[in-house]
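Colleague: There's a structure below that I have some questions on.
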């Protein structure tokens, strides 16, 4: 399916997410808009950032350019995320929605991670992605699916999930999240790469491994 056609379908889905009070996890806006004032000024405080004065608001505050450009996947993960949150579009402030473009080289992986403040709806634009999430205790069940272009998948809020390119060509996904700032916590990096480090004895117990193994793993995360 061409990216252009997929984007039309995806835009309709995204607008539905943004207008649905059931899906919104951020606080509902109390006015037409509240463009984020990141200057540290004294604008009206809201959930997220303070609002810019209406007279200084411009169209660029609601605009992002670049989702048509492939992300650089020349890295160890073979993966690049292009975020479109309130940090990229000030006009998303208080709107309770954001997006991300996901680019995968063949074999590329978006490692297991959590969005603490948002559920996610992913649509595959190009290629083939294996996706999955893990339920909470006591089941800790892996729910997984291989998706082709034009197919979508939901990751529930705050559950560990991943995506992997299982095709022979590059893959592209676009995701909508029901938060202006969903946050991302990589599971492995959070455990092994925190600053300061989690005590090695704790990590070793969690991994059911020797302290030396835990120390070696922690050393890979600076």
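A Cβ is built for glycine as well, from the same backbone N, Cα and C atoms used for every other residue.
Pulled from TrEMBL, these are the listed features:
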SIGNAL    1-24  signal peptide
DISULFID  34-51  disulfide bond
DOMAIN    65-215  domain 'Cupin type-1'
BINDING   113, 115, 120, 161  Mn(2+) binding site
Colleague: Of 34, 51, the disulfide-bonded residues given in the record, which has the fewest other CB atoms within 10 A of its CB?
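Modeller: So among 34, 51, the disulfide-bonded residues given, the one with the fewest Cβ atoms within 10 Å is 51.
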Colleague: Taking 113, 115, 161 as the binding-site residues to compare, which has the smallest set of other Cβ atoms within 10 Å?
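Modeller: Output over binding-site residues 113, 115, 161: least Cβ neighbours within 10 Å is 113.
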